[in-house]
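Notes follow once the structure below has been shown.
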């Protein structure tokens, strides 16, 4: 049977919370995971807020979609803000478990957007009549066609894929920040590891 135990660290090992290992590859290694997490959460909120504004215009101004869609999007935006606030508090307190709600929220958003994109593509493949039947639940398809052209389901798919890509990028960064906090807590408890703090800005 192979030995599954992790090899002990060398006696002269020096841990640094500012090691290049903790600079996010998703930012071309230009930012520490903690800094990148704040920025990615802010970008996520901007995207969600922009979506809420667009849904408000479409539901309350042009009346092309149901008003309930705007309220759902507004609720998602509020959840984004709340989970980001909890994440920021967790980073401040150096508690990686408090980042869990943000990661779960992002996973839900990714799944929802990918499903929405697939539905849009399938509707385009089956023709305009099928598209009108499916999307008629959400709004006035004829009005949407007048405002956004005949290939509007393609636009929905593109926006969904683009937003999902941003969410995946955000999740990678925040997961890296959580791993960083777990590492920091682990090495802080090791008696044979020198925890080297730096005054360098994260």
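Every residue number used here counts from 1 along the chain in the order it is shown.
Heads up, the Cβ atoms here are built off N, Cα and C, so glycines get one too.
Looking at the stretches 149-169, 170-190, the one that Swiss-Prot records under the feature transmembrane segment is 149-169. With respect to the membrane, residue 27 and residue 130 are recorded by Swiss-Prot on different sides. In this chain, the transmembrane segment (38-58) lies close to the transmembrane segment (149-169): three or more C-beta pairs between them fall below 8 angstroms, excluding pairs fewer than 6 positions apart. Taken as a whole, the topological domain 'Extracellular' (59-68) shows an average pLDDT of 91 in this prediction. Outside the topological domain 'Cytoplasmic' (90-107), and at least 6 residues removed from its termini, the chain residues within Cβ reach (under 8 Å) are 34, 37-38, 41, 44, 79-80, 83-84, 167, 170-171, 174-175, 177-179, 181-182, 184-185.
Here the topological domain 'Extracellular' (59-68) has long-range neighbours at 138-140, 143-144, 147, meaning same-chain residues at least 6 beyond its ends whose C-beta is under 8 angstroms from one of its own.
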